[in-house]
Amino acid sequence: MNYDLEWFCKVCACVLCVCRSCTDIICCVLFMLVIAGYIVVGILAWLYGDPRHVLYPRNSTGMFCGIGQNKDKPNVMYFDIIKCATATNVMAAALQGLQCPTTQVPDLYLNSFSIFPDGLVIAMVVSVLFLLLLRFTAPVLIWVLIIGVLAVGAFGIWYCYNEYISLATSTLTFNNVGFTTNVQVYLQVRDTWLAFLIILSIVEAILLLALIFLRTRIFIAIALIQETSKALGHMMSTLFYPIVTFVLLLVCVSYWGITALYPSHTSAPVYKVVAMNTTQGDCSVIRANETCDPEMFNTTQYPTCPSARCVFINYNTEGLFQKNLFNLQIYNVIAFLWCVNFVIALGHCTLAGAFASYYWAFSKPADIPTFPLIQSFMRALRYHVGSLAFGALILTLVQIVRIILEYLDHKFKEAQNPCTRFIMCCLKCCFYCLEKFIKFINRNAYIMIAIYGKNFCVSAKNAFSLLMRNIIRVVVLDKVTDLLLFFGKLLVVGGVGVLAFFFFSGRIQTPGTTFETAALNYYWMPIITVVFGAYLIAHGFFSVYNMGVDTLFLCFLEDLERNDGSPQKPYFMSKNLMKILNKKNKPAKTG
């Protein structure tokens, strides 16, 4: 096959890491500086922070519970306010030490948690099988779901019509009812069912017309879904990339948590020598300005004042680190959000590069690169850290604004008038929509970065322009994919949930286990935990599939616009897609 050399370098060679160079270098340097600063903040937090503040509680005297003098008192006891108020000497009572409450153990058998891995393995197996079988079942499944949606709409129309007819003798109107929070009252009004009937009829008509006029685009969506399943079959490693993303996110969250907790406890307690009873002996030398160590303090040091004690006064807030603690916490939040968004962007670009290398392989699977996922991951780190950081920074700035708005709304909630609340609600809604839009732009920009290796702005502009030129195809593919993946998640999570219910309720007995369902007082808690874990696993697998569909779709649109089926510019799409679009590759002329 004689390819056009310039076109080959722009598309195929870029996917194979031939025509790439580093992009958005300034943002890359800035991101590295922020990471370096984040490491410095973590080191300062580690040096100045005290982990005992996180591991052990402190009593009202500033002493740790569970270590040192209070080794046998691991818990803090909160004083009864009435007893404290009626005590003759509260400070003296506090100095005598604190009593510890009885430890309460939750009434839940921990051996039930040994069953959780089985449920998660089942969810993983079902998710993988569902995605791989879509190669064969996608057409039937999608049409069944579409017909099911239409059938539900038709049933709703029939039900509303029956209710409307049954209330033919009713004289109740909206004017009689007025405004009420009781929804059942409105269901007794005949016009309510007429409104429902009209709305459902319009929606049903729109769906039917869309099905008639957009059937070709639905066929294209089905073919792309099938092609994604084929790609997964050839690149099974992509299904397990969410584990890498999860580990990186876990590192980010852990680092943020440690960095946030350690600096918040950098203020050391200040103890000073205080005379508890100045009438006993000569305590004039004690002026409450001498610091002390409660563990080393001895009353014999002050023989003329037997009531001298080393008393907790406050926490030290002096020092450069303590004074800038709030600024460091702000930096911690910004760097954390940027790192999290970068990790997600890296996952999108890596998966997009792997799926793009599959699409632009002319002879599948012979031309698919070896280890496409690893190659894509290394390309993203080698060339596009700056572009990924740029997109992550834009999203981070919007998220920071949303956090500030939430904080202001919570802070001034009681003092806001209706007009202010309305403006705040509009601002929150606008920035929520802006965040969703930027996530959409970023996702497609990362795909174009993975394909062509351009910088973020150029990739975002090209992706947005390409999608706007094919907006109807975008909507159809998006809705068909959403419907299919929703059904898949429902199948996985619902199936695992039902199995968990039958097991933990004792309806299914598993041979060879020592678990006793009769001893479990509240079996809904392990069921909810298993269902939540199954959802996370299904979401991880299905997010890979969704990324594959989006990547192949953009590649398909690029293929249509850049190629014409000639020997110099052949189509790379599957034969099924070419058949739907009535296109084919022309054979090369011989002789």
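Including glycine, each Cβ sits where the backbone N, Cα and C put it.
Model, not experiment: these values are computed from the prediction.
Noted in TrEMBL for the protein shown:
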{"type": "TRANSMEM", "residues": "25-48", "note": "transmembrane segment"}
{"type": "TRANSMEM", "residues": "115-133", "note": "transmembrane segment"}
{"type": "TRANSMEM", "residues": "140-159", "note": "transmembrane segment"}
{"type": "TRANSMEM", "residues": "193-214", "note": "transmembrane segment"}
{"type": "TRANSMEM", "residues": "235-258", "note": "transmembrane segment"}
{"type": "TRANSMEM", "residues": "330-362", "note": "transmembrane segment"}
{"type": "TRANSMEM", "residues": "383-405", "note": "transmembrane segment"}
{"type": "TRANSMEM", "residues": "445-464", "note": "transmembrane segment"}
{"type": "TRANSMEM", "residues": "484-504", "note": "transmembrane segment"}
{"type": "TRANSMEM", "residues": "524-545", "note": "transmembrane segment"}
Whether the transmembrane segment (115-133) meets the transmembrane segment (484-504): three or more C-beta pairs under 8 angstroms: yes
Long-range neighbours of the transmembrane segment (140-159), counting only residues six or more past its ends (CB under 8 A): 134, 196-197, 200-201, 203-204, 207-208, 211, 218, 221-222, 225, 480, 483-484, 487
Beyond the flanks of the transmembrane segment (524-545) by 6 or more, those residues with Cβ under 8 Å of it: 108, 112-113, 115-116, 119-120, 122-124, 127-128, 131, 228, 232, 238-239, 241-243, 246, 351, 485, 488-489, 492-493, 496-497, 500-501, 504
Residues from the same chain, set at least six apart from the ends of the transmembrane segment (445-464), whose C-beta lies under 8 A from its own: 10-11, 14-15, 19-21, 23-24, 27, 345, 348-350, 352-353, 356, 360, 376, 379-380, 383-384, 386-388, 390-391, 550-551, 554-555, 558
Feature contact check the transmembrane segment (193-214) with the transmembrane segment (235-258), CB under 8 Å, 3 or more pairs: no
